[in-house]
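So that you can see what the record holds, here are the features copied from Swiss-Prot:
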BINDING   GLY164, GLU179, LYS180, SER190  alpha-D-glucose 1-phosphate binding site
Amino acid sequence: MKNEMLALILAGGQGTRLGKLTQNIAKPAVQFGGRYRIIDFALSNCANSGIDNVGVITQYQPLVLNSHIGNGSSWGLEGINRGVTILQPFSATEGNKWFEGTSHAIYQNIDYIDSINPEYVLILSGDHIYKMDYEEMLQVHKDNMASLTVAVLDVPLKEASRFGIMNTDSNDRIVEFEEKPEHPKSTKASMGIYIFNWPRLRKMLVDSENGNIDMSDFGKNVIPAYLESGERVYTYNFNGYWKDVGTIESLWEANMEYIAENNPLDSRNRSWKIYSKNHIAPPNFISEHAEVTDSLVVDGCFVTGKVDHSILSANVHMKQGAEIKDSFIMSGAVIGEGAKINRAIIGEGAIIGNNVVIDGTDEIQVVGYNEVVGVSNEN
């Protein structure tokens, strides 16, 4: 049975720029917005776009990510002839081989892709915050009779040198690709989202492997090769909210934008829901001494302090006299009596001792996964 389009989510990144937050978990598994993990956005987009089969390619610290995704039922992706498949590096005849790049990860999973037998493959990154209708992108791909379509976002010219830039003609056909150009000619930045005709991509990957030609990365190798060979390569112009949360600053900023009154992500739009794995938690407890303003407090929280313009994820315990402002507190964290937290990200299960001050006025502060700050080990 042939499936029209298979989605492949690249979720093996370490996310080194997130520092302590990714010491024990993969970047796509990092929490976001109080009740989500970053990969929930790509998975929810797939579900909302009517994609039945999704392969999630993992590598670095996959335990939390694998447990979170499970069989895909939280996104309605389980059932006959549909589902989510976790794809990890495996030992082949030549021995264990890590993925060497984005397109190499696809090549290593050719057997899985062939078992689905798609006409098209949709390549996604598992570490961006956005909503996109991939079915709409596929229609543009078909209308242009394209071999490859690249989703692009218009960025300010002063920021264009940070991205892979697509230079196009008047019909949105890509005529040149520049990787982080010093003097960009265009502001169309690649989002790392691609639709390929699978038979053509498959042939290129197999031929390059057999010929010992480096085709390990989509941006550095595959897209330039497509353009050089005269393939029909087009852009899909995306105009919605999109955030690369690859740094501490951008992750904090995205969470603060998420709780804005005019949320640019439009998270309250029920026609395009963001799904996640459900965890049963007791109701919140907000004491008579607590003061909560302009904040998101998720189930299971115990709040007896002051919270202003912040996110408290599930099961956060905030003791009396503590103050939290402009911060993102991940699930299971404990904030001690009289602690003061400003402009910070507090990791899952972290413990902040009594009267500890964490001030990110000059630079966003981070407390890592299960990290303990200001608590004596003597007891």
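Along the chain as shown, the residues are counted starting at 1.
Positions of Cβ are set from backbone N, Cα and C atoms, glycine also.
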Let me know the largest Cα to Cα distance in Å among the alpha-D-glucose 1-phosphate-binding residues GLY164, GLU179, LYS180, SER190, as an integer. 10
Near the alpha-D-glucose 1-phosphate site, what residues other than GLY164, GLU179, LYS180, SER190 in the same chain have a C-beta no further than 8 Å from the centroid of the listed C-beta atoms? PHE163, ILE165, PHE177, GLU178, PRO181, ALA189, GLY219
For a quick check of understanding: among the binding-site residues GLU179, SER190, which residue's Cβ has the most other Cβ atoms within 10 Å? SER190
